[in-house]
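The feature domain 'Shikimate dehydrogenase substrate binding N-terminal' is assigned by TrEMBL to 8-90. According to TrEMBL, the shikimate binding site annotation covers Ser16, Lys17, Ser18, Thr63, Asn88, Asp104, Tyr218, Gln247. Positions annotated as active site, proton acceptor by TrEMBL: Lys67. What TrEMBL lists as domain 'Quinate/shikimate 5-dehydrogenase/glutamyl-tRNA reductase' is 119-194. Annotated NADP(+) binding site per TrEMBL: Gly129, Ala130, Gly131, Gly132, Ala133, Asn153, Arg154, Thr155, Pro156, Ser157, Lys158, Met216, Gly240, in sequence order. Annotation source TrEMBL lists domain 'SDH C-terminal' at 240-270.
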Amino acid sequence: MENDLYAVVGHPISHSKSPRIHSLFAEQTGQALEYTAIQAPLEDFAGTVNTFFNRGGKGLNVTVPFKEEAWNLVEERTPAADAAGAVNTLYRDDQQRLCGDNTDGPGLVRDLTVNHGLDLKDKSILVLGAGGAVRGILAPLIAQQPLRIVVANRTPSKAEKLAGLFAGPLPIRGCGFDEVEDTFDLVINGTSASLQGDLPPLSPGIIGPKTVSYDMMYGPELTPFNRWASDQGAGQVIDGLGMLVEQAAESFARWRGIRPDTSLVMEALRDRVG
Ligand code: ATR
């Protein structure tokens, strides 16, 4: 029997670690599958997806810049995808309908709570950024029942709008960086500032000796944001490699009905990130 086919679709895609991660998962769980990377033309994401599934492909991961387009394309969405406004996992159901899930937020929460043993209940959380990446993590964070969440962004109106989308019993507020002065239990950097060599201009007071700093970026060395947090005396700094592997494991579980052991894959990748 031929192997089931999976892939990640993005533009660009050559640096994606997903093929390696999923190949390691498949090896470890004894699943017969192949996982490749596809660069879709910017103007033909839908065509690329349809061709892949029509040729018998079983599932796709979707990455930058197509996650919102994937959300629009699908016929069915999981509650996680709905809340995120973005889809990173595609598959077909029994009736051949195209379905979308989003595993980014669950991946982050699993990394925080399972891999790092953090209990987020009654904690104060500061989330930096108000783009697609941050929208994807808010519902799973809220489900952990923290005390409150503040979303701070360079463009304050975007943070206010995002906080408004998730308004409910849990206090959630959107604002600009200069309006944040309290010390938080957990600070999550979801901005892409470091890609431009910047750091969000933040009061050092947001970091205390018990603060955990989580950067959704990752790299072979301390990320610029985590270096800053560490210099301010953060109790712990974590980068986003665990989130990357956990979101992949959530996708794999949805497709194959089996959950891989992520710690082994994390170790294998840790030596090679960059
Ligand atoms: P992503 O999908 O990674 O979230 P995005 O939707 O383009 O990408 O969002 C990027 C986020 O990083 C935004 O919150 C952006 O702030 P603005 O909403 O003000 O644009 C933030 N960001 C990007 N460059 C930044 C910089 N140099 N300093 C601070 N924040 C920055």
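Please read every residue number as a count from 1 along the shown chain.
Placed from the backbone N, Cα and C atoms, the Cβ positions cover glycine too.
What TrEMBL says about a protein is an automatic prediction, not a curated fact.
Sequence-distant contacts of the domain 'SDH C-terminal' (240-270) (same chain, six or more residues past either end, CB-CB distance under 8 Å): 6, 17-18, 20-22, 24-25, 28-29, 31, 33, 58-59, 61, 88-89, 91, 101, 103-104, 106-108, 110-111, 115-116, 214-218. A 10 Å cutoff on Cβ-Cβ distances gives Thr63 (shikimate binding site) a total of 18 other Cβ atoms nearby, all chains included. Contact annotation for binding-site residues (Lys17, Gly129, Ala133, Arg154, Lys158) versus ligand 1: Gly129, Ala133, Arg154, Lys158, each with CB under 6 Å from a ligand atom. By neighbour count, meaning other C-beta atoms within 10 Å, the densest spot among the recorded positions Lys17, Lys67, Arg154, Lys158 is Lys67. The average pLDDT computed for the domain 'Shikimate dehydrogenase substrate binding N-terminal' (8-90) is 97. Comparing the Cα of Lys158 (NADP(+) binding site) with the Cα of every entry in Ser16, Ser18, Tyr218, these being the binding-site residues, the smallest distance points to Tyr218. Checking each of the binding-site residues (Asn88, Gly129, Gly131, Arg154) against the residue listed as 'active site, proton acceptor', the C-alpha distance stays within 10 Å for Asn88. When the C-alpha distances from Ser16 (shikimate binding site) to the binding-site residues Gly129, Arg154, Gly240 are tabulated, the minimum falls on Gly240. Between Gly129 (NADP(+) binding site) and Ser18 (shikimate binding site), the C-alpha separation comes to 24 Å. For Ala133 (NADP(+) binding site), applying a Cβ distance below 8 Å and a minimum sequence separation of six or more within one chain yields Asp104, Gly190, Ser192, Met216.
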